[in-house]
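Comments concern the structure below.
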(Lines of atoms letter the chains of each structure in order from A and count residues from 1; the text may use other names and numbers.)
(Lines give C-alpha, C1' and ligand atoms only; values in the text may rest on other atoms or scores of the structure.)
Protein backbone atom coordinates (compact mmCIF):
# COMPACT_ATOMS: atom_id res chain seq x y z
CA UNK A 1 0.00 0.00 0.00
CA UNK A 2 1.36 3.44 -0.92
CA UNK A 3 1.34 5.75 2.10
CA UNK A 4 -1.06 8.69 1.59
CA UNK A 5 1.20 11.29 3.21
CA UNK A 6 2.42 13.18 0.12
CA UNK A 7 -1.09 13.87 -1.15
CA UNK A 8 -2.26 14.85 2.34
CA UNK A 9 0.71 17.12 2.82
CA UNK A 10 0.02 18.70 -0.54
CA UNK A 11 -3.67 19.34 0.24
CA UNK A 12 -2.80 20.91 3.55
CA UNK A 13 -0.16 23.17 1.95
CA UNK A 14 -2.77 24.21 -0.63
CA UNK A 15 -5.21 25.20 2.12
CA UNK A 16 -2.49 26.90 4.15
CA UNK A 17 -1.57 29.03 1.14
CA UNK A 18 -5.19 30.09 0.52
CA UNK A 19 -5.58 30.98 4.21
CA UNK A 20 -2.26 32.87 4.28
CA UNK A 21 -3.22 34.80 1.12
CA UNK A 22 -6.47 35.92 2.70
CA UNK A 23 -4.75 37.10 5.88
CA UNK A 24 -1.97 38.86 3.96
CA UNK A 25 -4.30 40.86 1.73
CA UNK A 26 -6.60 41.85 4.61
CA UNK A 27 -3.56 43.07 6.53
CA UNK A 28 -1.53 44.66 3.73
CA UNK A 29 -3.89 45.41 0.84
CA UNK A 30 -3.48 44.23 -2.73
CA UNK A 31 -0.41 46.38 -3.41
CA UNK A 32 1.31 44.92 -0.33
CA UNK A 33 0.45 41.33 -1.25
CA UNK A 34 3.41 39.33 -2.56
CA UNK A 35 4.04 35.66 -3.31
CA UNK A 36 7.01 35.89 -0.90
CA UNK A 37 4.75 37.13 1.88
CA UNK A 38 2.16 34.45 1.17
CA UNK A 39 4.79 31.69 1.18
CA UNK A 40 6.38 32.93 4.41
CA UNK A 41 3.05 33.11 6.24
CA UNK A 42 1.99 29.68 4.95
CA UNK A 43 5.34 28.16 5.94
CA UNK A 44 6.13 26.94 2.42
CA UNK A 45 8.66 27.87 -0.24
CA UNK A 46 7.81 30.35 -3.02
CA UNK A 47 8.12 27.53 -5.54
CA UNK A 48 5.27 25.68 -3.83
CA UNK A 49 2.99 28.65 -4.48
CA UNK A 50 4.13 28.94 -8.10
CA UNK A 51 3.58 25.20 -8.61
CA UNK A 52 -0.18 25.80 -8.38
CA UNK A 53 -0.73 29.46 -9.27
CA UNK A 54 0.97 31.72 -11.82
CA UNK A 55 0.55 34.96 -9.83
CA UNK A 56 -0.63 36.54 -6.59
CA UNK A 57 -3.86 37.50 -8.37
CA UNK A 58 -4.58 33.88 -9.26
CA UNK A 59 -4.13 32.60 -5.72
CA UNK A 60 -6.15 35.50 -4.28
CA UNK A 61 -8.98 34.76 -6.68
CA UNK A 62 -9.08 31.13 -5.57
CA UNK A 63 -8.96 32.21 -1.91
CA UNK A 64 -11.95 34.48 -2.52
CA UNK A 65 -13.87 31.82 -4.39
CA UNK A 66 -13.23 29.24 -1.67
CA UNK A 67 -14.67 31.58 0.96
CA UNK A 68 -17.76 32.55 -1.03
CA UNK A 69 -18.78 29.07 -2.17
CA UNK A 70 -21.38 28.64 0.53
CA UNK A 71 -22.93 32.10 0.12
CA UNK A 72 -23.64 31.36 -3.52
CA UNK A 73 -25.98 28.41 -3.45
CA UNK A 74 -29.34 29.47 -4.80
CA UNK A 75 -32.08 27.87 -2.77
CA UNK A 76 -35.48 27.21 -4.31
CA UNK A 77 -38.29 27.22 -1.77
CA UNK A 78 -40.82 28.36 -4.38
CA UNK A 79 -40.84 31.90 -2.94
CA UNK A 80 -38.50 34.06 -5.00
CA UNK A 81 -38.65 37.07 -2.66
CA UNK A 82 -37.64 34.97 0.34
CA UNK A 83 -34.95 33.14 -1.59
CA UNK A 84 -33.39 36.36 -2.90
CA UNK A 85 -33.61 37.99 0.54
CA UNK A 86 -31.70 35.09 2.08
CA UNK A 87 -29.15 35.23 -0.69
CA UNK A 88 -28.60 38.98 -0.55
CA UNK A 89 -28.27 38.82 3.23
CA UNK A 90 -25.40 36.35 2.90
CA UNK A 91 -23.63 38.36 0.23
CA UNK A 92 -24.13 41.63 2.13
CA UNK A 93 -22.68 40.13 5.30
CA UNK A 94 -19.74 38.76 3.35
CA UNK A 95 -19.02 42.08 1.62
CA UNK A 96 -19.44 44.05 4.86
CA UNK A 97 -16.64 41.95 6.39
CA UNK A 98 -13.07 41.23 5.26
CA UNK A 99 -14.61 39.69 2.13
CA UNK A 100 -15.40 43.18 0.90
CA UNK A 101 -11.83 44.35 1.54
CA UNK A 102 -10.47 41.43 -0.48
CA UNK A 103 -12.97 41.75 -3.31
CA UNK A 104 -12.37 45.50 -3.62
CA UNK A 105 -8.63 44.87 -3.74
CA UNK A 106 -9.09 42.35 -6.55
CA UNK A 107 -11.37 44.68 -8.52
CA UNK A 108 -8.89 47.52 -8.14
CA UNK A 109 -6.07 45.29 -9.36
CA UNK A 110 -8.23 44.24 -12.31
CA UNK A 111 -8.49 47.81 -13.60
CA UNK A 112 -4.88 47.67 -14.78
CA UNK A 113 -4.85 43.92 -15.50
CA UNK A 114 -7.35 42.81 -18.17
CA UNK A 115 -6.48 39.13 -17.65
CA UNK A 116 -7.36 39.37 -13.96
CA UNK A 117 -10.57 41.21 -14.86
CA UNK A 118 -11.49 38.37 -17.21
CA UNK A 119 -10.66 35.75 -14.56
CA UNK A 120 -12.85 37.52 -11.99
CA UNK A 121 -15.73 37.59 -14.46
CA UNK A 122 -15.30 33.96 -15.48
CA UNK A 123 -14.57 32.45 -12.06
CA UNK A 124 -16.54 34.68 -9.66
CA UNK A 125 -19.24 36.71 -11.39
CA UNK A 126 -20.55 34.58 -14.23
CA UNK A 127 -21.21 31.29 -12.38
CA UNK A 128 -23.13 33.15 -9.67
CA UNK A 129 -24.99 35.28 -12.19
CA UNK A 130 -26.01 32.16 -14.06
CA UNK A 131 -27.19 30.39 -10.90
CA UNK A 132 -29.26 33.41 -9.89
CA UNK A 133 -30.63 33.89 -13.43
CA UNK A 134 -31.72 30.21 -13.52
CA UNK A 135 -33.60 30.66 -10.25
CA UNK A 136 -35.21 33.87 -11.57
CA UNK A 137 -36.28 32.14 -14.79
CA UNK A 138 -38.12 29.53 -12.70
CA UNK A 139 -39.87 32.33 -10.79
CA UNK A 140 -40.91 33.83 -14.13
CA UNK A 141 -42.17 30.46 -15.35
CA UNK A 142 -44.11 30.08 -12.08
CA UNK A 143 -45.78 33.47 -12.62
CA UNK A 144 -44.05 35.10 -9.66
CA UNK A 145 -42.19 37.66 -11.79
CA UNK A 146 -42.79 39.48 -15.10
CA UNK A 147 -41.59 37.23 -17.89
CA UNK A 148 -40.61 40.07 -20.24
CA UNK A 149 -37.37 41.02 -18.46
CA UNK A 150 -34.10 39.18 -19.13
CA UNK A 151 -33.17 37.36 -15.90
CA UNK A 152 -29.60 38.66 -16.26
CA UNK A 153 -31.00 42.21 -16.14
CA UNK A 154 -32.77 41.30 -12.91
CA UNK A 155 -29.54 39.94 -11.42
CA UNK A 156 -27.95 43.30 -12.24
CA UNK A 157 -30.77 45.29 -10.61
CA UNK A 158 -30.69 43.12 -7.48
CA UNK A 159 -26.92 43.08 -6.91
CA UNK A 160 -25.85 46.48 -8.29
CA UNK A 161 -26.61 48.45 -5.08
CA UNK A 162 -24.18 46.20 -3.18
CA UNK A 163 -21.37 46.95 -5.62
CA UNK A 164 -22.31 50.64 -5.64
CA UNK A 165 -21.69 50.86 -1.90
CA UNK A 166 -18.65 48.59 -2.02
CA UNK A 167 -16.89 50.64 -4.68
CA UNK A 168 -18.04 54.19 -3.95
CA UNK A 169 -18.15 53.80 -0.18
CA UNK A 170 -21.14 56.15 -0.01
CA UNK A 171 -22.79 54.20 2.82
CA UNK A 172 -21.85 51.01 4.68
CA UNK A 173 -23.20 47.76 3.26
CA UNK A 174 -25.87 46.47 5.64
CA UNK A 175 -28.07 43.43 5.12
CA UNK A 176 -31.31 45.22 6.17
CA UNK A 177 -30.63 48.11 3.76
CA UNK A 178 -29.92 45.70 0.95
CA UNK A 179 -33.13 43.78 1.64
CA UNK A 180 -35.08 47.05 1.46
CA UNK A 181 -33.51 47.83 -1.89
CA UNK A 182 -34.35 44.31 -3.05
CA UNK A 183 -38.02 44.81 -2.07
CA UNK A 184 -38.17 47.96 -4.20
CA UNK A 185 -36.64 46.21 -7.21
CA UNK A 186 -39.04 43.28 -6.88
CA UNK A 187 -42.01 45.68 -6.60
CA UNK A 188 -41.37 46.68 -10.22
CA UNK A 189 -40.99 43.10 -11.43
CA UNK A 190 -44.13 41.39 -10.15
CA UNK A 191 -46.09 39.49 -12.76
CA UNK B 1 -4.01 99.98 -16.32
CA UNK B 2 -2.38 96.69 -15.35
CA UNK B 3 -2.07 94.39 -18.36
CA UNK B 4 -4.22 91.25 -17.95
CA UNK B 5 -1.66 88.89 -19.49
CA UNK B 6 -0.42 87.08 -16.33
CA UNK B 7 -3.91 86.08 -15.26
CA UNK B 8 -4.84 85.03 -18.81
CA UNK B 9 -1.65 83.01 -19.13
CA UNK B 10 -2.39 81.36 -15.83
CA UNK B 11 -5.95 80.40 -16.80
CA UNK B 12 -4.77 78.93 -20.08
CA UNK B 13 -2.04 76.91 -18.32
CA UNK B 14 -4.68 75.63 -15.90
CA UNK B 15 -6.88 74.44 -18.76
CA UNK B 16 -3.91 72.98 -20.65
CA UNK B 17 -2.97 70.93 -17.58
CA UNK B 18 -6.51 69.56 -17.17
CA UNK B 19 -6.60 68.65 -20.86
CA UNK B 20 -3.14 67.06 -20.74
CA UNK B 21 -4.09 65.05 -17.65
CA UNK B 22 -7.13 63.64 -19.41
CA UNK B 23 -5.15 62.64 -22.48
CA UNK B 24 -2.34 61.11 -20.43
CA UNK B 25 -4.59 58.92 -18.32
CA UNK B 26 -6.64 57.74 -21.31
CA UNK B 27 -3.40 56.80 -23.07
CA UNK B 28 -1.39 55.39 -20.16
CA UNK B 29 -3.82 54.44 -17.39
CA UNK B 30 -3.70 55.63 -13.80
CA UNK B 31 -0.50 53.76 -12.96
CA UNK B 32 1.24 55.38 -15.94
CA UNK B 33 0.02 58.87 -15.09
CA UNK B 34 2.74 61.10 -13.60
CA UNK B 35 2.97 64.81 -12.82
CA UNK B 36 6.08 64.86 -15.06
CA UNK B 37 4.10 63.44 -17.97
CA UNK B 38 1.23 65.87 -17.40
CA UNK B 39 3.59 68.85 -17.27
CA UNK B 40 5.46 67.76 -20.40
CA UNK B 41 2.26 67.30 -22.42
CA UNK B 42 0.83 70.61 -21.18
CA UNK B 43 4.08 72.43 -21.99
CA UNK B 44 4.58 73.71 -18.44
CA UNK B 45 7.04 72.98 -15.66
CA UNK B 46 6.27 70.43 -12.93
CA UNK B 47 6.19 73.25 -10.38
CA UNK B 48 3.28 74.85 -12.23
CA UNK B 49 1.24 71.69 -11.72
CA UNK B 50 2.21 71.49 -8.05
CA UNK B 51 1.31 75.15 -7.54
CA UNK B 52 -2.38 74.23 -8.01
CA UNK B 53 -2.65 70.55 -7.14
CA UNK B 54 -0.90 68.44 -4.49
CA UNK B 55 -0.91 65.20 -6.51
CA UNK B 56 -1.77 63.51 -9.80
CA UNK B 57 -5.00 62.27 -8.19
CA UNK B 58 -6.08 65.82 -7.36
CA UNK B 59 -5.56 67.13 -10.88
CA UNK B 60 -7.24 64.07 -12.42
CA UNK B 61 -10.26 64.54 -10.17
CA UNK B 62 -10.60 68.16 -11.29
CA UNK B 63 -10.19 67.10 -14.92
CA UNK B 64 -13.00 64.58 -14.50
CA UNK B 65 -15.25 67.04 -12.73
CA UNK B 66 -14.70 69.68 -15.41
CA UNK B 67 -15.78 67.22 -18.13
CA UNK B 68 -18.87 65.99 -16.31
CA UNK B 69 -20.25 69.36 -15.21
CA UNK B 70 -22.75 69.55 -18.03
CA UNK B 71 -24.00 65.97 -17.72
CA UNK B 72 -24.96 66.62 -14.12
CA UNK B 73 -27.55 69.36 -14.32
CA UNK B 74 -30.87 67.99 -13.15
CA UNK B 75 -33.66 69.34 -15.34
CA UNK B 76 -37.17 69.69 -13.97
CA UNK B 77 -39.82 69.42 -16.68
CA UNK B 78 -42.37 68.05 -14.20
CA UNK B 79 -41.99 64.52 -15.64
CA UNK B 80 -39.57 62.57 -13.45
CA UNK B 81 -39.34 59.58 -15.80
CA UNK B 82 -38.35 61.78 -18.74
CA UNK B 83 -35.94 63.83 -16.67
CA UNK B 84 -34.17 60.76 -15.27
CA UNK B 85 -34.06 59.14 -18.70
CA UNK B 86 -32.33 62.20 -20.13
CA UNK B 87 -29.93 62.29 -17.24
CA UNK B 88 -29.04 58.60 -17.34
CA UNK B 89 -28.52 58.79 -21.09
CA UNK B 90 -25.91 61.51 -20.61
CA UNK B 91 -24.10 59.66 -17.85
CA UNK B 92 -24.19 56.36 -19.78
CA UNK B 93 -22.73 58.00 -22.87
CA UNK B 94 -20.02 59.62 -20.76
CA UNK B 95 -19.10 56.38 -19.00
CA UNK B 96 -19.18 54.39 -22.25
CA UNK B 97 -16.50 56.73 -23.63
CA UNK B 98 -13.08 57.78 -22.29
CA UNK B 99 -14.92 59.16 -19.27
CA UNK B 100 -15.45 55.60 -18.06
CA UNK B 101 -11.77 54.77 -18.50
CA UNK B 102 -10.79 57.79 -16.43
CA UNK B 103 -13.39 57.25 -13.75
CA UNK B 104 -12.47 53.57 -13.40
CA UNK B 105 -8.80 54.54 -13.05
CA UNK B 106 -9.66 56.99 -10.28
CA UNK B 107 -11.82 54.46 -8.44
CA UNK B 108 -9.07 51.85 -8.68
CA UNK B 109 -6.53 54.34 -7.30
CA UNK B 110 -8.95 55.18 -4.48
CA UNK B 111 -8.95 51.60 -3.19
CA UNK B 112 -5.43 52.05 -1.81
CA UNK B 113 -5.78 55.79 -1.09
CA UNK B 114 -8.52 56.67 1.43
CA UNK B 115 -7.96 60.40 0.95
CA UNK B 116 -8.63 60.09 -2.79
CA UNK B 117 -11.70 57.96 -2.05
CA UNK B 118 -13.00 60.70 0.23
CA UNK B 119 -12.26 63.40 -2.38
CA UNK B 120 -14.15 61.43 -5.05
CA UNK B 121 -17.14 61.10 -2.76
CA UNK B 122 -17.10 64.75 -1.72
CA UNK B 123 -16.32 66.32 -5.09
CA UNK B 124 -17.94 63.94 -7.59
CA UNK B 125 -20.53 61.67 -6.01
CA UNK B 126 -22.18 63.67 -3.24
CA UNK B 127 -23.06 66.90 -5.12
CA UNK B 128 -24.64 64.88 -7.95
CA UNK B 129 -26.43 62.57 -5.53
CA UNK B 130 -27.84 65.58 -3.72
CA UNK B 131 -28.99 67.26 -6.94
CA UNK B 132 -30.72 64.05 -8.07
CA UNK B 133 -32.23 63.44 -4.61
CA UNK B 134 -33.65 66.99 -4.58
CA UNK B 135 -35.30 66.39 -7.94
CA UNK B 136 -36.69 63.04 -6.72
CA UNK B 137 -38.08 64.66 -3.56
CA UNK B 138 -40.03 67.09 -5.76
CA UNK B 139 -41.41 64.15 -7.74
CA UNK B 140 -42.49 62.54 -4.47
CA UNK B 141 -44.13 65.77 -3.33
CA UNK B 142 -45.91 65.99 -6.69
CA UNK B 143 -47.28 62.47 -6.24
CA UNK B 144 -45.24 61.01 -9.12
CA UNK B 145 -43.29 58.62 -6.86
CA UNK B 146 -43.88 56.76 -3.60
CA UNK B 147 -43.05 59.11 -0.74
CA UNK B 148 -41.96 56.35 1.67
CA UNK B 149 -38.57 55.71 0.05
CA UNK B 150 -35.51 57.83 0.92
CA UNK B 151 -34.56 59.73 -2.27
CA UNK B 152 -30.92 58.76 -1.72
CA UNK B 153 -31.98 55.10 -1.90
CA UNK B 154 -33.65 55.86 -5.23
CA UNK B 155 -30.48 57.52 -6.54
CA UNK B 156 -28.64 54.31 -5.64
CA UNK B 157 -31.17 52.08 -7.41
CA UNK B 158 -31.11 54.26 -10.54
CA UNK B 159 -27.34 54.64 -10.89
CA UNK B 160 -26.04 51.36 -9.46
CA UNK B 161 -26.44 49.33 -12.69
CA UNK B 162 -24.13 51.80 -14.46
CA UNK B 163 -21.39 51.31 -11.87
CA UNK B 164 -22.00 47.56 -11.88
CA UNK B 165 -21.16 47.39 -15.59
CA UNK B 166 -18.35 49.93 -15.31
CA UNK B 167 -16.55 48.04 -12.53
CA UNK B 168 -17.33 44.40 -13.31
CA UNK B 169 -17.27 44.78 -17.10
CA UNK B 170 -20.02 42.17 -17.42
CA UNK B 171 -21.68 43.96 -20.35
CA UNK B 172 -20.95 47.22 -22.18
CA UNK B 173 -22.66 50.33 -20.83
CA UNK B 174 -25.29 51.39 -23.36
CA UNK B 175 -27.79 54.21 -22.96
CA UNK B 176 -30.80 52.15 -24.19
CA UNK B 177 -30.00 49.31 -21.74
CA UNK B 178 -29.66 51.78 -18.90
CA UNK B 179 -32.99 53.40 -19.77
CA UNK B 180 -34.63 49.96 -19.69
CA UNK B 181 -33.19 49.31 -16.25
CA UNK B 182 -34.42 52.75 -15.14
CA UNK B 183 -37.96 51.91 -16.32
CA UNK B 184 -37.93 48.76 -14.20
CA UNK B 185 -36.73 50.62 -11.12
CA UNK B 186 -39.38 53.31 -11.58
CA UNK B 187 -42.11 50.67 -12.03
CA UNK B 188 -41.58 49.72 -8.38
CA UNK B 189 -41.58 53.30 -7.15
CA UNK B 190 -44.79 54.74 -8.60
CA UNK B 191 -47.07 56.42 -6.07
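Positions of Cβ are set from backbone N, Cα and C atoms, glycine also.
On a predicted model such as this, the values are computed, not experimentally measured, just so you know.
The domain 'HTH tetR-type' annotation in TrEMBL covers B:11-71.
Annotation comment: TrEMBL describes B:34-53 as DNA-binding region. Outside the DNA-binding region (B:34-53) by six or more residues, the chain places 13-14, 16-17, 19-21, 23-24, 28, 59, 62 with a CB less than 8 A from a CB of the stretch.
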* Given the model, what does the mean pLDDT over the DNA-binding region (B:34-53) come out as? -> 96
* To do: List the helix, strand and coil residue totals of the domain 'HTH tetR-type' (B:11-71) as derived from DSSP.
  => 53 helix, 0 strand, 8 coil
